[in-house]
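First the structure, in the form of structure tokens, and then the observations on it.
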Amino acid sequence: MKKTKQVLPRVEQGPRPSLSFTAQRHGKPPRHLVDLSRTERRELVADLGYPQYRADQLSKHYFEHNCIDPEQMSDIPQSQRLDLVQQLLPPLITKVRDQVADQGKTIKTLWKLFDGAVVESVLMKYPDRATLCISSQAGCGMACPFCATGQAGLTRNLTTAEIIEQLRYARQAAAEGIFGEPVRVSNVVFMGMGEPLANYRAVRDALHRMIDPAPEGFGMSARNVTVSTVGLVPVINKLADEGLPVTLAVSLHAPDDGLRDDLIPINSRHKVGELLDSARHYFVRTGRRVSIEYALIKDMNDHQWRAQLLAAELNSRGRGWAHVNPIPLNPTPGSIWTASTAHATDTFVKTLTRAGISTTIRDTRGSDIDGACGQLAAEVVDRDHVSRRAAQAQAAVDARIDAHRHQPQDFDSTLAAISATHNGDDDDE
Ligand code: SF4
């Protein structure tokens with residue numbers, strides 16, 4: 001098996017981390033039905049010497065029954081099943097282990113890919129649904145200093161089939177009673193390893209496989225699928241034009257460029273204003289309310305004035321188009337940052353709600369198994385290395401951002417200027 005190599009953000013070598021958009025090539029994973037369109041599947045099956053409709057039969061087993069076991073494909077002649085499965089449904093991801101938390105309601109799975117790269121997914125059971133948190137890249141090149149995955153760097157992009165296989169396994173395991181009773185996985189969030197919009201083509205095709213009806217895909221509801229991004233603005237605009245009404249979640253974490261430049265390095269390319277304009281455009285194009293994710297970090301981004309600024313920025317672009325999810329920070333190994341106090345969290349939330357912004361504190365499922373957002377580091381590098389990098393990256397940011405901790409002197413006039421641009425419209429442009 002080939003050894004994989006990470007592309008690490010160069011935190012130590014410069015004043016700011018550099019971003020990695022280009023994943024290394026490690027050869028291609030085996031050909032898989034999920035990577036092909038329906039026409040391509042039928043052509044391939046014909047080339048293999050079988051009737052074209054076998055492609056649809058295989059696709060139905062995969063998408064309707066989550067099945068890749070030739071023994072269960074009784075509608076396909078015994079003499080053809082094994083070859084068809086070997087040719088179109090080869091194993092792409094191998095389970096290394098499950099870790100269980102929250103009284104059995106959260107299960108984190110570590111997967112090994114064909115080239116030795118590893119990713120994680122987290123399956124969570126709620127009273128009314130099960131949600132899978134899925135990975136789109138092995139590692140991540142976005143270098144956010146509070147995130148363990150970011151400290152491990154980018155290994156490579158996942159293919160559509162590698163992304164979808166995480167979901168098929170989860171659907172099968174949940175249907176077969178991994179939670180003690182059969183459960184349907186109705187929701188997917190792209191909040192595992194990776195920046196989904198940095199692997200756009202594979203993620204877009206994966207969204208189609210999730211949403212399109214069988215035999216094209218699983219036929220899930222688009223509104224139950226969430227794509228999360230730190231702010232690749234041109235790609236958000238592209239996604240808005242796809243006609244896929246999935247939910248967009250923007251990991252904002254700071255409403256001012258001064259701080260966000262340091263907390264989210266991509267902000268050096270796409271500023272807060274540009275990002276919120278693009279998020280609002282997404283809402284207008286799709287009709288889907290945008291989630292604004294905000295990890296509350298103690299004494300870093302949790303000030304009341306930042307809640308006021310965030311509310312003003314959102315309201316200045318119309319009412320009701322965004323929903324804010326503050327999330328208590330899950331410190332990475334070695335983190336010098338920690339979650340906000342209960343008082344600061346409460347004040348932040350109340351400030352937003354008083355300004356008319358719908359706000360819900362998001363839970364942090366699986367934090368005790370490093371399965372919560374920002375903690376999906378897997379065994380890509382050893383923990384000590386991740387810890388050292390996290391502490392280093394955070395110290396570098398910490399030293400720079402003192403100026404951004406306090407309310408700017410001209411804050412009231414800034415707020416007034418933003419509020420003055422509020423056009424009072426209700427969800428239409
Ligand atoms: S927070 Fe998201 S985008 Fe940033 S480094 Fe972590 S996985 Fe990548």
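Glycine is treated like the rest: Cβ placed from N, Cα and C.
Just so you know, TrEMBL annotations are computer predictions that nobody has curated.
The region 'Disordered' annotation in TrEMBL covers 1-30.
Cβ contacts within 10 Å of GLU120 (active site, proton acceptor), excluding its own Cβ and spanning all protein chains shown: 27. The active site, proton acceptor feature in TrEMBL is assigned to GLU120.
Among the features that TrEMBL reports, domain 'Radical SAM core' is placed at 126-368.
The [4Fe-4S] cluster binding site annotation in TrEMBL covers CYS140, CYS144, CYS147. The Cβ of CYS140 ([4Fe-4S] cluster binding site) lies under 8 Å from the Cβ of CYS147, THR149, GLY150, ALA152, GLY153, LEU154, MET193, GLY194, GLU195, ALA198, each of which sits 6+ residues away along the same chain.
For GLY194, GLU195, SER228, SER251, LEU252, HIS253, ASN330, the entry in TrEMBL reads S-adenosyl-L-methionine binding site. When secondary structure is read from DSSP and collapsed to three states, SER228 (S-adenosyl-L-methionine binding site) falls in the strand class. Taking a C-beta cut-off of under 8 angstroms and a sequence separation of 6 or more, SER228 (S-adenosyl-L-methionine binding site) has the following same-chain neighbours: VAL189, PHE190, MET191, PRO196, LEU248, ALA249, VAL250, SER251, GLU293.
Look at TrEMBL and you will find CYS373 tagged as active site, S-methylcysteine intermediate.
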So how far apart do the S-adenosyl-L-methionine binders GLY194, GLU195, SER228, SER251, LEU252, HIS253, ASN330 get, largest Cα to Cα in Å?
18
I need the least crowded one of these binding-site residues (SER251, ASN330), counting other C-beta atoms within 10 angstroms of each C-beta.
ASN330
With an 8 Å cut-off on Cβ-Cβ distance and a minimum sequence separation of at least 6, pull the same-chain contacts of LEU252 (S-adenosyl-L-methionine binding site), or say none.
GLY231, ARG260, VAL272, LEU275, ILE292, GLU293, TYR294, LEU310
Measuring Cβ to any atom of ligand 1 with a strict under-6 Å cutoff, which of the recorded positions GLU120, CYS140, CYS144 qualify?
CYS140, CYS144
